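Feature annotations, reproduced from TrEMBL:
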- 12-31: transmembrane segment (TRANSMEM)
- 43-65: transmembrane segment (TRANSMEM)
- 89-216: domain 'Palmitoyltransferase DHHC' (DOMAIN)
- 138-159: transmembrane segment (TRANSMEM)
- 179-199: transmembrane segment (TRANSMEM)
Amino acid sequence: MGQQIHFVVDRQGWCCMGLIIFVWLYNTIFIPKVILFPHYEEGNISVVAVLCYYLCSLFCITSLFRASVADPGKLPENPKIPITEREYWELCNKCNMRRPKRSHHCSRCGHCVRRMDHHCPWINNCVGEDNHWLFLQLCFYTQILSSYTLILDFCHYYYFLPLKKENWDGFVFRHELALLRISAFMGLIILGGISRLFYTQLMGIFTDTTSIEKMSNCCEDISKPRKPWQQTFSEVFGTHWKILWFIPFRQRQPLRVPYHFANHV
């Protein structure tokens, strides 16, 4: 979608991302087969509930793949530095390259990333200036999909009317309880972990501070916002249109902000 492909060779990252894809596939295949389609056929739920589930699933996997292959903001080997901005650049003591302030060197990827937040093994990529918005969308839609799945698991046993037809295949029918228990367990684990991560990410944007800056204590008074929250979110998502913050199919366009203001750390 107009972005440069960035691929990280890391076995640990491949395993973590493979686990996320497995959980996504499990819930995308079995939840509709066990709950959504049977109850839709008997009129217990509407087609809107089915479409919303698949829409959340589509947004979740799209943001995952785009965040994992998008260039997070890798600096070129010989960057062109405007004369008016040279004072806001510094020398990396690991790769001996000039980089703008608030950049960080990722030891796992082996290069510097603009406004790097952290290296995430779950997407097998760094979270930086150019893909931070996709990582936030991934956290958001993962929470929505996990919550939706848990609600369906609960309603299947305690709210929906018992199914009259047993039109599933033999394996699903025999192992229905086990399949739903596994789904509920994975949903609780992922929802708990992602919710905490999503909260820290939101607080970082509100305070205009990356995770690395928080850990290194290089920001003064990081709990106090330096910009209006609409401005910091717009800079991360690349647009002032709030509705576009939730769309993972578009291309991000960096907002033009004063360089001294963008690199105040």
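Heads up, the Cβ atoms here are built off N, Cα and C, so glycines get one too.
The shown structure was predicted, so the numbers you read here are calculated from the model rather than taken from an experiment.
Residues of the same chain lying 6 or more positions beyond the ends of the transmembrane segment (43-65) and with a Cβ under 8 Å from any Cβ of it are 17, 20-21, 24, 27-28, 31-32, 36-37, 123, 134-135, 137-138, 141-142, 144-145, 148, 152, 160-161, 246, 248-249. Helix, strand and coil residue tallies for the domain 'Palmitoyltransferase DHHC' (89-216), in that order: 69 helix, 18 strand, 41 coil [DSSP].
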